[in-house]
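Worksheet: the structure to be examined is printed underneath.
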């Protein structure tokens with residue numbers, strides 16, 4: 001009953017999203033609240049949010065498949081699948097933000113070697129192929145087994161994903177295939193580390209090289225993006241594993257490991273944030289300092305103090321500290337960060353547009369499209385929520401057809417011997 005209600009609600013949200021996207025594509029950018037001065041809005045916020053979730057989740061998966069940290073083995077599949085679907089969501093958001101989304105292929109045909117954006121597109125394609133290939137090597141045995149043991153749509157879906165692979169009859173051949181899969185996953189994971197760093201670090205670089213926006217124009221910006229990605233990825237894994245991944249009610253060692261990782265990443269992110277704000281507030285140039293004042297004390301002060309400081313830093317650390325490994329509190333800590341990171345992404349994008357480049361520019365013209373103010377309208381919210389609903393619906397359907405959540409440890413061997421464990425101590 002609950003499952004039926006869940007899919008009904010998701011389907012309704014997805015339909016609303018499809019309608020909103022049709023309006024966006026048919027009417028163009030005029031349906032948004034964007035202005036000539038505030039040209040990036042809610043869609044870009046969600047774009048960097050989901051790209052960060054993807055990069056963070058993938059980098060966590062490398063702990064299992066590259067660095068042999070077997071205590072994280074139970075989230076290996078989950079990390080790869082969330083990396084893939086988060087990437088899809090991020091690319092869809094940036095696609096609808098384009099003035100002419102039908103021209104997206106121009107970036108592939110008309111390359112500009114000196115353009116960060118051009119290189120970023122190549123990284124996205126390579127990154128996507130690496131994730132898909134790693135998932136296939138990880139899951140090909142299960143795809144083949146489920147293609148034989150299931151019926152209907154599940155059977156067809158899994159048989160298609162096998163790409164013709166069949167499970168060997170002999171145990172010796174099966175072990176050889178598993179060793180080969182492990183070998184290829186390690187190779188792909190190693191290649192994926194610089195690619196994932198390039199994907200989200202490159203996204204940060206797109207902001208960091210914009211000289212006209214002093215708030216972004218810094219060598220620290222790509223680093224902030226990367227650390228924030230690790231925070232969001234660890235938080236998403238903690239949330240999903242706590243509530244859906246078969247975690248024990250109390251004392252699950254993986255929960256404690258994820259909690260320790262999340263706390264570590266939050267600490268690094270906090271250090272970078274303090275450095276950024278201290279330097280920014282010390283700036284003697286008024287219009288450059290104005291952005292930081294707006295974040296801290298402006299009309300939307302609560303996005304920073306409640307969203308970033310409260311939900312991303314104070315609340316999760318408090319919950320992890322008092323949880324003593326309890327599944328509910330650890331899951332809520334992860335959820336708090338996952339939701340709060342949206343506020344972090346908002347703060348990264350929107351405040352950069354509040355300060356005119358020179359005095360009087362904000363009042364020189366009288367037009368709703370020439371304002372240094374931005375608030376997403378109803379269609380922007382409905383298209384965003386609907387698009388998220390579409391991606392979550394696709395992910396949920398995949399979970400029904402493919403065993404994404406591991407209830408038991410996966411079997412991976414290196415030359416027939418167990419891989420050594422590496423532990424993170426709190």
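The chain as shown is numbered from 1 upward.
Glycine is treated like the rest: Cβ placed from N, Cα and C.
A Cβ distance under 8 Å defines the sequence-distant neighbours of the transmembrane segment (5-25), meaning residues of its chain 6+ beyond its ends; these are 31-32, 96, 101, 379, 382-383, 385-390, 392-393, 396. The transmembrane segment feature in Swiss-Prot is assigned to 5-25 (among others); the stated evidence is sequence analysis.
Same-chain neighbours of the transmembrane segment (40-60): 32-34, 72, 75, 79-80, 82-84, 86-87, 89-90, 93-94, 96-97, 127, 131, 192-193, 196-197, 199-200, 203, 225-226, 228-234, 236-237, 261, 338, 341-342, 345-346, 348-350, 353, 374, 376, 380-381, 383-384, 387-388, counting only residues six or more beyond its ends whose CB sits under 8 Å from a CB of the stretch. The transmembrane segment annotation in Swiss-Prot covers 40-60 (among others).
The feature transmembrane segment is assigned by Swiss-Prot to 78-98 (among others).
Distant neighbours of the transmembrane segment (119-139): 58, 61, 65, 76-77, 80-81, 83-84, 87, 91, 107-108, 111, 161, 163, 181, 184-185, 188-189, 191-192, 195-196, 198-199, 202-203, 205-206, 402, 410; these residues of the same chain sit at least 6 beyond its ends, with a Cβ under 8 Å from one of its Cβ atoms. According to Swiss-Prot, the transmembrane segment annotation covers 119-139 (among others), on the basis of sequence analysis.
Per Swiss-Prot, the feature transmembrane segment maps to 187-207 (among others). Beyond the transmembrane segment (187-207), the same-chain residues lying 6 or more positions past its ends with a Cβ under 8 Å from any Cβ of the stretch are 48, 51-52, 54-56, 58-59, 61-62, 65-66, 116-117, 119-120, 123-124, 126-127, 130-131, 133-134, 137, 213, 216, 221-226, 229, 348.
For 223-243 (among others), the entry in Swiss-Prot reads transmembrane segment, with the evidence type sequence analysis.
Residues or ranges marked as transmembrane segment by Swiss-Prot on the basis of sequence analysis: 261-281 (among others). Below 8 angstroms of C-beta separation, residues 60, 215, 218, 220, 223-224, 227-228, 230-231, 234-235, 238, 288-289, 291-293, 296, 308, 312-313, 316-317, 320, 333-334, 337, 424 of the same chain, each at least six residues beyond the ends of the transmembrane segment (261-281), sit close to that stretch.
Remote same-chain residues near the transmembrane segment (302-322) are listed as 231, 235, 259, 262-263, 266, 269-270, 273, 295-296, 329-330, 332-334, 336-337, 339-344, 346-347 (criterion: CB distance under 8 Å, separation of at least six residues from the stretch ends). Under the heading transmembrane segment, Swiss-Prot lists 302-322 (among others), citing sequence analysis as support.
Sequence-distant contacts of the transmembrane segment (330-350) (same chain, at least 6 residues past either end, Cβ-Cβ under 8 Å): 38, 40-41, 44-46, 48-49, 52-53, 207, 224-225, 228, 231-232, 234-240, 242-243, 247, 255, 258-259, 262, 266, 295, 303-304, 306-308, 310-312, 315-317, 319-320, 323, 374. Per Swiss-Prot, transmembrane segment is recorded for 330-350 (among others).
Residues or ranges marked as transmembrane segment by Swiss-Prot on the basis of sequence analysis: 385-405 (among others).
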Residues from the same chain, set at least six apart from the ends of the transmembrane segment (223-243), whose C-beta lies under 8 A from its own: 48-49, 51-53, 55-60, 74-75, 78-79, 82, 197, 200-201, 203-204, 207, 254-255, 258-259, 261-262, 265-266, 268-269, 272-273, 276, 312, 316, 327-328, 330-331, 333-338, 341, 344, 348
